[in-house]
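As given in TrEMBL:
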{"type": "TRANSMEM", "residues": "B:21-42", "note": "transmembrane segment"}
{"type": "TRANSMEM", "residues": "B:69-90", "note": "transmembrane segment"}
{"type": "TRANSMEM", "residues": "B:111-136", "note": "transmembrane segment"}
{"type": "TRANSMEM", "residues": "B:148-170", "note": "transmembrane segment"}
{"type": "TRANSMEM", "residues": "B:177-198", "note": "transmembrane segment"}
{"type": "TRANSMEM", "residues": "B:226-247", "note": "transmembrane segment"}
Amino acid sequence: MQLGDLGLQVILPVAIIELILMVIALVDLSRREKEETRGPKLLWVFIIILGNLLGSVVYFTVGRRSGS
Amino acid sequence: MSTWLLLFRKEMLESTRNYKWIWIPLVFLLLGISNPVTTYFMPQILESSGVAADLVPVPTSVEIMAKSLSQYGTLGLLILALSFMGIVAAERQSGSAIMVLVKPVSHRSYILAKWSGMTVLTLAAVGLGQLGTWYYTNILFESVPFRLVWTSLLVYALWLLFINTITLFLSCLMKSVGGIAFISLGVAAVLAILTQVLDHTMKWSPSRLTGAASQILLSGQGGGDMWLAIALTIAFIAALLAGSVTASRRMWTKS
């Protein structure tokens, strides 16, 4: 599929927002102790990075134990 | 009043600290812009999969915006319910609710501060999402008058606030956070189905607001029953808030 100039401009903000969400999720994860996440921290790193938007959303909604 | 303000600011601070103020608006923004963007690329997607692009009609700008609104009713509602399910229940379990309520703080200010926090965050999120949809629709398709954008948004947001209030009420009543989210979403689904099936007897249903919001976009008018549904939804929200205060008081004396 060929993307034109406008196509790239349209897609870029979407990619940037997804990247921001991923970074915030990883920052939050790195600041938490082992007991403050549901399941191992390493598993969440994989879910957040490989799961794109869905991975970060799942982490924010059900991944954190306290204060969520 | 001043205790309410204090608790409200504490609530805002907490949602900032656990990044709710960043991730919920951003996810709603993505939900909002995903529909105009995919519609824009639809001819290319169809072409690459071998379907003639002119077989599928291009939706109008207002149709695209109406479809974006319905995204908030499915994925958006799921996100809101999951992130607010523990708003009181988790605080009670961790003991921080007791730390607040042992001071001379009324249950009413406590619940109202919680509710205002949810409301401000939800309105900011859907507002940002709707602005994103509007911006993209204007750039990629024809422009939509702003009057339709904000009126439809307010009507739709009232439905989300109604479900939010149910989540808050259940959070005061129940202990299991998963159950709270499940029942809130269940109520939303059952109401939506009942309203569709019993079209004539459910003119007052809060779930009508979703249809009225798209009607505003498509025809400029929300329909005659819209104000009835709006008035009743506000009444339901007030009743649920009163119920939450009572439930919070009862749970307090019990534990």
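Every residue gets a Cβ built from N, Cα and C, even glycine.
Automatic, uncurated: that is what TrEMBL annotation is.
Outside the transmembrane segment (B:226-247) by six or more residues, the chain places 88, 107-108, 111-112, 115, 155, 158-159, 161-162, 165-166, 168-169, 172-173, 203-206, 208-209, 212, 215 with a CB less than 8 A from a CB of the stretch. Listed by sequence, the residues of this chain that lie at least six past the ends of the transmembrane segment (B:148-170) yet keep a Cβ under 8 A from its Cβ atoms are 62, 65-66, 69, 72-73, 76-77, 80-81, 84-85, 87-88, 111, 114-115, 118-119, 122-123, 126-127, 130-131, 134, 179-181, 183-185, 187-188, 206-207, 209-210, 212-214, 216-217, 220, 222, 226, 230, 233-234, 236-237, 240-241, 243-244, 247. With respect to Cβ pairs under 8 Å, the transmembrane segment (B:177-198) is most closely packed against B:69-90, considering the stretches B:21-42, B:69-90, B:111-136.
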